[in-house]
Amino acid sequence: MAIKKIGISARCDRPEIIGKVREILAHFSSRVQIFVATPTAEVLGMEGTPVERMREEGVELIISVGGDGTVLRNIAKMKDPLPILGINMGTLGFLVDVEPEDALETIEEVLYGFSYSDRMRVDVFLNGEMLETATNEIAIMSAKPAKIIQFEVYVGDCLLDSMRADGVVFATPTGSTAYAMSAGGPIISPRVNAIVVVPVAPFKLSSRPWVIPSDSEITIRLSAPKKEAVIAIDGQKSYRIKLDDVVKLKKSRFPARFVRISDTCFYERVQRKLT
């Protein structure tokens, strides 16, 4: 086989997902070395390896068993993400291409060699300190429910817009089918290097979604005193910001990597998921 070492990481709170992991381990453990992520291994009663250490162990790809959230959590643990193959045990699943009944056959094919697509990510900085890297989106929302915030968005040195809104979403092409789409933003092909800026329930009708080049440096500042906001990164981690804070977004040097499945067409897949 071309692939010698793989990793596997799963959502651990659903028995059917753990059952699928056991099935994968039983089928492939004698043919390829499998490193099981620590939380998953604890449920299985075996020795585990942190996802963030799998690259140094020589792992060539990670099988993520769960939904989109599981994929995002796995990617977030790695500075330079390994290729991910997602097994869809969730609901909609834009980041998980393989259905449970096809898992063994697909993994069998992938073990003989695979290609992957790079997906841009965005580094998030607060007052010059890097917080996280987003694969899907950065959402900035009011810290208090049902309250609007006022903020300015700059692209480079140019003011893009001064907004009063419930918030704003900055999405990668990968994240354009998530929160940004629900807020009225466009769907962007992952082959396009761009960042989508989508106001959430803006006060003025002239505040519209924008698509800007991925190499742009974006700056966000709150402009109303005594109001705080929250930055949510991929729906996983959040940070509070206040009036004098400066948020900057920059394209990351380290993309996410998704294993290509031969019969996968982005446009057909999106249409299928949305119907």
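In case you wondered, yes, glycine gets a Cβ from its N, Cα and C as well.
A quick note: this is a predicted structure, and the numbers were derived from the prediction, not measured.
Record features, source Swiss-Prot:
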type	residues	note
ACT_SITE	Asp68	active site, proton acceptor
BINDING	68-69, Arg73, 136-137, Lys147, Arg164, Asp166, 177-182, Ala201, Gln236	NAD(+) binding site
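Cα of Glu137 (NAD(+) binding site) to Cα of Asp68 (active site, proton acceptor): a distance of 13 Å. Other Cβ atoms within 10 Å of the Cβ of Glu137 (NAD(+) binding site) number 25 in total over all chains. Classification of Arg164 (NAD(+) binding site) by DSSP places it within a strand. The DSSP secondary structure for Ala201 (NAD(+) binding site) is strand. For Arg164 (NAD(+) binding site), the same-chain residues lying six or more positions away in sequence with a CB closer than 8 A to its CB are Ile148, Ile149, Gln150, Pro202, Phe203, Lys204.
For the binding-site residues given as Met181, Ala201, the lowest number of other CB atoms within 10 Å of the residue's CB is seen at Ala201. The residue listed as 'active site, proton acceptor' sits 11 Å from Thr177 (NAD(+) binding site), counting Cα to Cα. The Cβ of the residue listed as 'active site, proton acceptor' has 25 other Cβ atoms within 10 Å, all protein chains considered. A simple way to gauge crowding: the CB of Arg73 (NAD(+) binding site) has 19 other CB atoms within 10 angstroms, across all the protein chains here.
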